[in-house]
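Working notes, structure below.
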Amino acid sequence: MQWLSVCSLLVLLSVLSRSQAQNQICTIFTEAKEDGFKSLILVGLAQNLPDSTLGDLVPLIAEALAMGVKCCSDTPPEDCERDVADLFQSAVCSSETLVEKNDLKMCCEKTAAERTHCFVDHKAKIPRDLSLKAELPAADQCEDFKKDHKAFVGRFIFKFSKSNPMLPPHVVLAIAKGYGEVLTTCCGEAEAQTCFDTKKATFQHAIAKRVAELKSLCIVHKKYGDRVVKAKKLVQYSQKMPQASFQEMAGMVDKIVATVAPCCSGDMVTCMKERKTLVDEVCADESVLSRAAGLSACCKEDAVHRGSCVEAMKPDPKPDGLSEHYDVHADIAAVCQTFTKTPDVAMGKLVYEISVRHPESSQQVILRFAKEAEQALLQCCDMEDHAECVKTALAGSDIDKKITDETDYYKKMCAAEAAVSDDNFEKSMMVYYTRIMPQASFDQLHMVSETVHDVLHACCKDEPGHFVLPCAEEKLTDAIDATCDDYDPSSINPHIAHCCNQSYSMRRHCILAIQPDTEFTPPELDASSFHMGPELCTKDSKDLLLSGKKLLYGVVRHKTTITEDHLKTISTKYHTMKDKCCAAEDQAACFTEEAPKLVSESAELVKV
């Protein structure tokens with residue numbers, strides 16, 4: 001491959017600031033160091049050329065590495081200074097093999113911005129898969145890992161990048177780093193397989209969580225625009241860095257929001273440039289760093305991992321002298337004056353003041369209060385007696401009470417989750433969501449009930465006490481965002497469609513207020529609706545849970561107002577049948593006889 005081609009591939013993931021207009025390759029080569037440099041190239045190649053093999057890419061990476069060295073020489077080639085997106089596309093399009101193998105002919109017939117959009121759209125259509133498919137036994141993985149650590153991690157990056165073309169490269173590399181840490185720990189254990197199975201499940205959960213957060217942010221940006229994203233990020237980072245001033249935080253949030261559109265579109269060149277600019281500027285502000293311990297620690301990370309570190313920061317201690325509560329009424333004259341001239345600034349200041357005082361709150365609780373406060377200010381600030389008007393308008397709205405009430409709600413959910421087995425709690429969620437949206441498919445409701453269980457299980461376990469609220473509501477809101485985006489809400493029912501079109505912070509409350517759908521016309525409840533046979537005698541808990549949930553789904557759809565007592569009766573009969581037939585000599589014959597009886601008895605119960 002010619003130098004132009006090598007250079008193009010190399011700078012696909014150039015993470016340089018706009019001010020570094022010259023010799024971009026040398027700067028990233030210096031900052032990321034050789035291994036980080038090669039990893040970034042690998043992610044970019046794998047994400048954009050999914051039908052190429054690792055063998056196809058290895059020579060390109062080696063040549064690109066050599067080009068990086070030349071770009072840092074005393075006489076760097078002119079190609080080091082060219083536009084990165086144009087270079088990458090030109091290089092790929094000059095290779096008939098790459099174009100044909102990765103179906104890029106249509107894109108390569110375009111030029112300039114049209115070609116860039118085509119490349120981004122092409123990547124967006126590549127199927128995604130979050131699973132870790134390297135299902136070799138731990139012993140084999142450990143042998144490969146110990147034999148050549150870098151090669152093993154490289155193969156992981158290649159496979160994961162191909163399956164997740166829209167994930168920002170820094171996220172892919174953070175995931176690869178985590179997977180390497182799992183192997184480093186487990187390969188030194190006597191029971192490597194047990195260690196690996198346990199840690200892999202935890203690691204997979206962490207991946208799903210991070211991807212859900214990124215997906216939700218993109219969905220929110222697409223549906224609600226910059227204003228809501230800015231409000232979310234202002235809450236998030238004000239909670240993390242309460243020592244920073246409102247002006248400092250507002251400036252930082254503006255830069256964060258500027259990265260969302262390119263990162264969500266799949267334009268990773270611009271995404272990484274914007275992120276690099278953001279992190280560089282934030283980490284260069286010694287005034288903020290001296291007061292924000294978490295940020296200061298993250299800024300000591302290498303260029304590849306700083307951004308992920310900042311996103312994962314825990315809240316710093318609150319500044320000395322900060323009042324426990326924020327009273328919007330105490331300075332209402334100044335608030336109204338600012339609101340009249342620049343309403344977004346006034347609302348940003350209010351959100352900031354609440355957020356720095358309440359790291360135990362979710363973003364949604366603060367935004368719900370802010371929405372009420374905004375309505376009060378709109379109504380009152382032009383009035384002569386605006387102070388009294390605002391007091392009256394917000395008389396029933398208290399942020400501290402909202403936080404307490406929501407925290408108590410999740411604590412009760414945690415208690416309910418702890419009081420029963422994991423399977424029974426998941427089944428109860430299946431019942432709840434089938435009642436309010438019986439039109440949804442089993443697969444949809446299975447996913448929803450599983451997600452709610454996973455969120456509460458993780459948050460109740462990992463975030464005890466008052467921090468359960470931001471953990472649980474953030475994750476459940478992410479799940480709602482994904483559900484409303486992945487499926488046509490109007491195809492489920494008008495109530496769900498209405499809630500999906502509510503304001504961002506009100507979606508979950510809206511769904512919780514939905515009553516069982518009594519207008520749904522269910523299919524006939526008969527034996528053909530269920531398949532219950534010897535497969536129920538398996539010891540696989542997942543298969544058993546799935547079977548139990550399918551029965552509940554069918555029964556509750558038939559009567560969304562069925563009582564809990566009737567459900568318990570049906571569940572008892574189901575387990576009695578299962579125990580009887582699994583103990584029978586001819587299991588199939590037993591199920592053939594008993595399953596229709598169970599369905600018939602269940603049908604009679606739902607008529608009551």
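Glycine is treated like the rest: Cβ placed from N, Cα and C.
As given in Swiss-Prot:
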- CYS26-CYS72: disulfide bond (DISULFID)
- CYS71-CYS80: disulfide bond (DISULFID)
- CYS93-CYS108: disulfide bond (DISULFID)
- CYS186-CYS195: disulfide bond (DISULFID)
- CYS218-CYS264: disulfide bond (DISULFID)
- CYS263-CYS271: disulfide bond (DISULFID)
- CYS283-CYS299: disulfide bond (DISULFID)
- CYS336-CYS381: disulfide bond (DISULFID)
- CYS459-CYS471: disulfide bond (DISULFID)
- CYS499-CYS510: disulfide bond (DISULFID)
- CYS537-CYS582: disulfide bond (DISULFID)
- CYS581-CYS590: disulfide bond (DISULFID)
- 19-205: domain 'Albumin 1' (DOMAIN)
- 206-398: domain 'Albumin 2' (DOMAIN)
- 402-600: domain 'Albumin 3' (DOMAIN)
- ASN501: N-linked glycosylation site (CARBOHYD)
- 1-14: signal peptide (SIGNAL)
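Projection of Swiss-Prot feature records onto the structure.
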residue	record	DSSP class
CYS26	disulfide bond	helix
CYS72	disulfide bond	coil
CYS186	disulfide bond	helix
CYS264	disulfide bond	helix
CYS283	disulfide bond	helix
CYS299	disulfide bond	coil
CYS336	disulfide bond	helix
CYS471	disulfide bond	helix
CYS499	disulfide bond	helix
CYS510	disulfide bond	helix
Residues satisfying Cβ distance under 8 Å from CYS186 (disulfide bond), sequence separation of at least 6: ALA138, CYS142, ALA192, CYS195, PHE196, LYS199
Secondary-structure category, per DSSP, in which CYS381 (disulfide bond) falls: coil
Between CYS218 (disulfide bond) and CYS499 (disulfide bond): CA-CA distance (Å): 19
Candidates CYS26, CYS108, CYS299, namely the disulfide-bonded residues, that fall within 10 Å of CYS80 (disulfide bond) by Cα distance: CYS26
Cα-nearest neighbour of CYS26 (disulfide bond) within the listed disulfide-bonded residues, CYS93, CYS263, CYS299, CYS381, CYS582: CYS299
Among CYS26, CYS71, CYS72, CYS590 [disulfide-bonded residues], residue with fewest other Cβ within 10 Å: CYS72
Those residues of the chain, 6+ apart, with a Cβ under 8 Å from that of CYS381 (disulfide bond): CYS336, PHE339, THR340, VAL390
Cα separation, CYS71 (disulfide bond) to CYS581 (disulfide bond) (Å, whole number): 73
Alpha-carbon distance [CYS510 (disulfide bond); ASN501 (N-linked glycosylation site)] in Å: 10
Cβ neighbour count (within 10 Å, all chains shown) around CYS510 (disulfide bond): 17
